[in-house]
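A quick write-up on the structure given underneath.
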Amino acid sequence: MARSPFYRILLFAWIVVLLMDGVHASDGDADPIYKACVEQCEKTGCVGGKCFQHCKFLSDGKPEGGPWYLQEPLYLQWKQWDCRSDCRYHCMLTREEEREKLGGKPVKYHGKWLFRRAYSFQEPVSVALSALNLAIQFHGWVSFFILIYYKLPLTPSKKNYYEYTGLWNIYGILSMNSWFWSAVFHSRDVELTEKLHFSSAVALLGFSLILAILRAFSVRNEASRVMVSTPVIAFVTTHILYLNCYNLDYGLNIKVCVAMGVAQLLIWAVWAGVTHHPSWSKLWVAVVGGGLAMLLEIYDFPPYHRFVDAHALWHATTIPLTYLWWSFAKDDAEFRTSSLHKKAK
Ligand SMILES: [Zn+2]
């Protein structure tokens, strides 16, 4: 019977996704003036009065000299990406300024709003916040590690009592990996960095869903853990392969991420309420905060002064939530360890 609330939660998550109709494709990149501008720029390397070095390769062919690792094809590929990214950026700037003069509202290009670059960072605010998130994740994970291995009692065979240590460790590594690629992606978005960012974020969300299910349903047996996580891993792998090899569909990806996000928030919330976990209040604050933060990802608005958008704010809200989340993980470890340690005595 333990299965029925779980399926109800999944069903609810699915309904939320179906109701989410605010996600549509961007229209800026369908604009013929913008398209022509990018096409022209990739040929000539210039937009308006600005010309880019990276686009030179198209006219002179092979790159000159340099160490072997900078020779084609990697070097050429990178140049091509850089050229396209610069062309798009300057064409977007020109087009948005034209539209603004005519009283038009900002539109999205390639699924994203236009940001003003600072130095060579494409979205400086999101880069800084991603780096901060990475630091907080690292701090949380290290303090969890120290608690488990150095502060809490160990079994006579020098193992820790807490049964979810391995899962939290993997979670910590996946989150740090995800924030690292998030910072890289927001620095310069090209196809490769985008795919790495999306894939690592989906992997993290998928794994945290597994963590939520295993913890909430107290799945401690190895075989049951494999049985529960296999379908989630299969689904997440298929989704990542689909995004990378077939179609990088933003709308679909947001829906998949929101579905996995909503499912785990509901699992944690229901579990905290039902089990009267000693740290239930932390869990609830994290769940409500996580839910509100998710709204920022769904109902995004154009960046304020082309700098701060809903996505950047979302990265800001995840900083206190991450801190709280690791604090919950540590409480849970202490709580389980003390009850198991008492039993063992
Ligand atoms: Zn981001």
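Going from the start of the chain as shown, residues are counted 1 onward.
Note that Cβ sites are derived from N, Cα and C of the backbone, with glycine treated the same way.
The annotation signal peptide is assigned in TrEMBL to 1-25.
The transmembrane segment annotation in TrEMBL covers 127-149 (among others). Remote same-chain residues near the transmembrane segment (127-149) are listed as 121, 160, 162, 165, 168-169, 172-173, 175-176, 179-180, 182-183, 186-187, 312, 315-316, 318-319, 322-323, 325-327, 329-330, 333-334 (criterion: CB distance under 8 Å, separation of at least six residues from the stretch ends).
Long-range contacts of the transmembrane segment (161-184) within the same chain: residues 126-127, 130-131, 133-134, 137-138, 140-141, 144-145, 148, 152-155, 193, 196-197, 200-201, 203-204, 207-208, 210-211, 214-215, 220, 315, 322, 329, 332-333, 336-337, 340-341, 344, each at least 6 residues beyond the stretch ends and with a Cβ under 8 Å from a Cβ of the stretch. Look at TrEMBL and you will find 161-184 (among others) tagged as transmembrane segment.
Taken from TrEMBL, the feature transmembrane segment covers 196-214 (among others).
Annotation source TrEMBL lists transmembrane segment at 226-244 (among others).
Among the features that TrEMBL reports, transmembrane segment is placed at 250-271 (among others).
What TrEMBL lists as transmembrane segment is 311-329 (among others).
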Practice item. Mind checking which residues of the chain, 6+ beyond the ends of the transmembrane segment (311-329), have their Cβ under 8 Å from one of its Cβ atoms? Key: 123, 125-126, 129-130, 132-133, 136-137, 139-141, 143-144, 168, 175, 182, 279, 282-283, 285-286, 289-290, 292-294, 296-297, 300, 303
